[in-house]
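A quick write-up on the structure given underneath.
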Amino acid sequence: MLQFLIRRLIGAVVIMFLIGAFTFFLFYTIPQDFAELSCGKNCSPENIAVIRENLGLDKPITAQFWEFMRGIVAGRDFTQGHCSAPCLGMSFDSGEFVWDSIMDRFPLTLSLTVGGLVIFLLVGLGAGLLAAWKRGTVADKAVSGASIVLSSFQIYFLGPIVLGIVVYQTGWMENPSYQPFTENPFAWAAGMIIPWAVMATIFTAQYTRMSRSTMIEQLQEEHVRTARAKGMRQRYVFFRYAWRGSLIPIVTILGIDLSALLSGAVVTEFTFDLAGIGRLAVDSSLTKDLPVTMGVMLFGAFFILILNIIVDLTYAYIDPRVRLS
Amino acid sequence: MTSPTEIEGAEASSVLDKESEPQGDAQEPKKLAGRSPGQLMWQRFKRDRTGVVSACVVIFFFVVSALAPLIAKVYGKDPYTLYAQEPDFPFLLDDFAMPTGSFGGMSGEFWFGVEPKLGRDVFTMLLYGVRTSLYMAVVVTTLCVLTGVLIGLVMGYFGGRVDYWLGRVTDFFLAFPQQLFFIAFMPVVTAMFVSPQDETPTYLRAVAITLVMWFLGWMGLARLVRSSVLSLADREFVEAAKVSGASPWRIVRKEILPNIVTPILVQATYILPGTILSIAFLSYIGVGFVEPTPDWGRMFAIGSEVYEQDPMFMFFPGVALVVFVLAFNLLGDSVRDAFDPKTGR
């Protein structure tokens, strides 16, 4: 187990390094002077030269890349001050340290992602199980039909509709906003509930369909039928035998969907006008603020890799075959 | 070519005929023999009502977007003119720049209403927006499918070291956070063609979007093709071809490709709506197409700005998108069922 974890972590580090290198060198193909960009309007050549030196832009690209990578591990010193260990550089545009601005925005994106994930797994798997349990009845047809239609909706279409109904028309709820969890968990949940619900709806629909079909497949498996035939209770067979088997393909798909989940969080941020790392990525990419874009890319990749490792660990927990090999 | 699908097909066809035309079966026994897998598939598909309806909807979207200029001409408007400023339509927008009429200014003149603030015609905006998205998506999907098939074939057929390293490259691209990558690289790719000071022409934006999406769009298909090729490579008919001295290119083209066309097709019907949604996503957050190019995704961006005052603006683009994606998903399922009736839903 530990060996597996270590191997995965080493793999993650290698992939992060490659993504970083790829992003960095591709960005430098832009024929643009970043120092000029950071200086803003009415800027003298001397100023540009000073900024170029401050940002380390006067060095060759490979040296800059080395500096950047070293900064992540060991920290870096700028004229504006020391940037401690996971240093992703300094924004050309605002002069803030990238790590700090990501950390400012990340709690929001994390809340969206994790909250949405929990809701759609609970509701989606629950509804799928219900549909499989009551297969062929009205409940099954209603759940299956609704999930097919809802999975064709988009966050940026459903979001405004929901906002229109519960906020603008009836005034039942406040506009979504982010309150830090540590300060007031209730305000945090209240502010996030609409984005969660909208984001989860889209994903829920897919997972309902999937859990229904894998569950039906599992119920026809021989070991499940045997268990039922030898007189075990229907409910026990359903949960202990069939459900466990049906979780394996679902977890596999979940691992593939993690990056879609992050992008779902980005769209949700835009739909509800919340300032998370998606907004940061778009703003920085439009102003061609390289360090911020790099930082967000690396951070996003890191986040997905970590979630992926967690999913793989869950896999080992569910499936004894994985654990034993 | 002896393919496994043909053998399965032969069994299925006899069953089908007994069900559907019992009299014909006795009179014309020869009919049983001469059916290609394609014909069988078509017959199964024809009987699937959901599939046929969704195919019609999808075809409708394609026809409408292909005929967009013609329709716009007959309708007499275009998506660029700011009708609120035309002398012919004096009271299109009120003092708050919102449409005067009810339901977002819908009327016989403006079927789907008028855009708030600028006063453009929503019907033609949507028409051309769908056209832009569909054209882009067809190009991107074709490129992704070709690349995926090529790389998958190479990986599966040559195996060994080639397979290993291409597999690692695929894994690497899969590790990219896809949408963040699109966001980050749109400006970079655009800047490769035009200097940042100049205005980017629309066709260059289209090229940039195509490149960025192509870059991260082929991996899933490559994996699928690789695994199908691997499962086929040891089959007798491939070995027979090898023994009889066929060149690798001939084996790939004549023995392997015909057997994996259908899974590729099915996969493509899932990639295409996904691509449309990704393009819409880019335009929605403001890094894809910009004003004044009519675009499906950007209509949602405009719509969410004015949603509080004019919810009707988003209605038609939204419903059109839901119907389109729904039809495409159902079509994909039906095509898959028609190809392989054993994998039920």
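Just so you know, glycine gets a Cβ as well, placed from its N, Cα and C.
Keep in mind that TrEMBL annotations are predicted by a computer and have not been checked by a curator.
Among the features that TrEMBL reports, compositional bias 'Basic and acidic residues' is placed at B:16-31.
Taken from TrEMBL, the feature domain 'ABC transmembrane type-1' covers B:130-332.
For B:1-35, the entry in TrEMBL reads region 'Disordered'.
Taken from TrEMBL, the feature transmembrane segment covers B:51-72 (among others).
Away from its own ends, the transmembrane segment (B:134-160) comes close to residues 61-62, 65, 166-167, 170, 206, 209-210, 213-214, 217-230, 233, 248, 251-252, 256-257, 264, 267-268, 271-273, 275-276, 279 of its chain (Cβ-Cβ under 8 Å, at least six residues beyond either end). According to TrEMBL, the transmembrane segment annotation covers B:134-160 (among others).
Sequence annotations record features per position, and here TrEMBL assigns transmembrane segment to B:172-194 (among others). Same-chain residues lying 6+ beyond the ends of the transmembrane segment (B:172-194) with a Cβ under 8 Å from its Cβ atoms: 200-201, 204-205, 207-209, 211-213, 215-216, 219, 278, 281-282, 285, 287-288.
Beyond the ends of the transmembrane segment (B:206-225), by six or more residues, the same chain brings 136, 139-141, 143-145, 147-149, 151-153, 155-156, 166, 170, 173-174, 176, 178, 181-182, 185-186, 189-190, 193, 200, 260, 263-264, 267-268, 271, 275, 278-279, 282, 288-289 to within a C-beta distance below 8 angstroms of the stretch. If you look up TrEMBL, you'll see B:206-225 (among others) marked as transmembrane segment.
Residues of the same chain lying 6 or more positions beyond the ends of the transmembrane segment (B:260-285) and with a Cβ under 8 Å from any Cβ of it are 5, 41, 133-134, 136-138, 140-141, 144-145, 149, 179, 182-183, 186, 209, 213, 217, 220-221, 224-225, 228-229, 232, 295-298, 300-301, 321, 324-325, 328-329, 331-332, 335-336, 339-340. If you look up TrEMBL, you'll see B:260-285 (among others) marked as transmembrane segment.
The transmembrane segment annotation in TrEMBL covers B:312-332 (among others).
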